[in-house]
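Taken from Swiss-Prot, the feature Cu(2+) binding site applies to H20, H91, Y177, supported by similarity to another entry. Sequence annotations record features per position, and here Swiss-Prot assigns O2 binding site to H166, Q175. Annotation comment: Swiss-Prot describes C61-C180 as disulfide bond. Annotation source Swiss-Prot lists N-linked glycosylation site at N184. Marked as signal peptide by Swiss-Prot on the basis of sequence analysis: 1-19.
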Amino acid sequence: MKAAVSLALLVAVAGAASAHNIFPNLIVDGTVTGDWEFVRTTANKWSREGLTNVNSESMRCYEEAGRPPSEVKTVKAGSRVGFASQAPIRHIGPVLFYMARVPDGQDVDSWTPSGDVWFKIHQQGPERSESGWTWPTQDQTELFVDIPASVPDGNYLLRIEQIALHDAQYVGGAQFYLACGQINVTGGGSGDPGPKVSFPGAYKPTDPGILLDLHGHPPANYQFPGPAVWQG
């Protein structure tokens with residue numbers, strides 16, 4: 001009996017872990033790059049646990065303390081860049097992408113993206129049907145975004161964020177799975193990205209896109225947290 005209970009517990013734990021995500025790989029020109037080669041190693045590298053405190057400084061890139069250095073990948077403005085997850089996305093919720101420009105003369109890998117430096121470039125939420133909401137990102141292992149064509153040349157952090165909303169009916173129940181890739185954009189334009197926000201600071205735990213009951217009382221429309229998407 002004890003063996004059966006232990007086996008059931010292990011299966012349950014494994015199932016929960018498999019529903020969690022990390023994004024260790026950039027996808028550029030159709031090629032999946034190496035684990036953490038161009039992505040800052042995240043603190044949940046082994047645990048796969050999501051963040052639940054939107055006021056934590058870990059909301060920037062969820063970096064692992066003392067992480068090894070990552071390199072910078074050159075990408076073209078207007079091109080499609082992606083992140084690969086090490087497991088299919090099981091939890092329902094939106095995916096958002098942000099960028100932050102590294103100041104000229106600063107080392108990309110050691111730069112801390114504090115203050116109002118982040119601008120949103122894409123967000124993907126649910127699709128409404130007669131049976132309720134469906135989430136196009138569910139069960140996906142690769143998520144893509146187009147780098148804005150008019151973004152100025154330079155070094156940037158590209159931040160992916162998937163918000164799991166299965167327990168979002170409680171304050172602190174939403175789980176944030178995120179990572180930051182390090183890219184150098186070439187062939188860009190003279191756009192002025194914005195509005196810019198900070199992490200932490202861009203979200204509140206009671207924002208309607210973070211605190212909501214998708215099981216008992218789902219809202220008519222999903223409200224994304226954070227700023228408007230820059231139409232660059």
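Placed from the backbone N, Cα and C atoms, the Cβ positions cover glycine too.
The C-beta environment of H20 (Cu(2+) binding site), restricted to residues of the same chain at least 6 apart in sequence and closer than 8 Å, consists of N44, S47, R48, E49, G50, A87, H91, Q175, Y177. Taking the Cα atom of each, C180 (disulfide bond) and H166 (O2 binding site) are about 24 angstrom apart. H166 (O2 binding site) sits 35 Å from the residue listed as 'N-linked glycosylation site', taking the CA atoms of both as reference points.
Ranking the recorded positions Q175, C180, N184 by the number of CB atoms within 10 A of their own CB puts C180 at the top. Counting only the Cα atoms, the space from N184 (N-linked glycosylation site) to C61 (disulfide bond) is about 17 angstrom. Each of the binding-site residues H91, H166 was scored by other CB atoms within 10 A of its CB, and the lowest score goes to H166. Around C61 (disulfide bond), the same-chain residues six or more apart in sequence whose CB sits under 8 Å from its CB are R40, T42, P113, L157, R159, L178, A179, C180, listed in sequence order.
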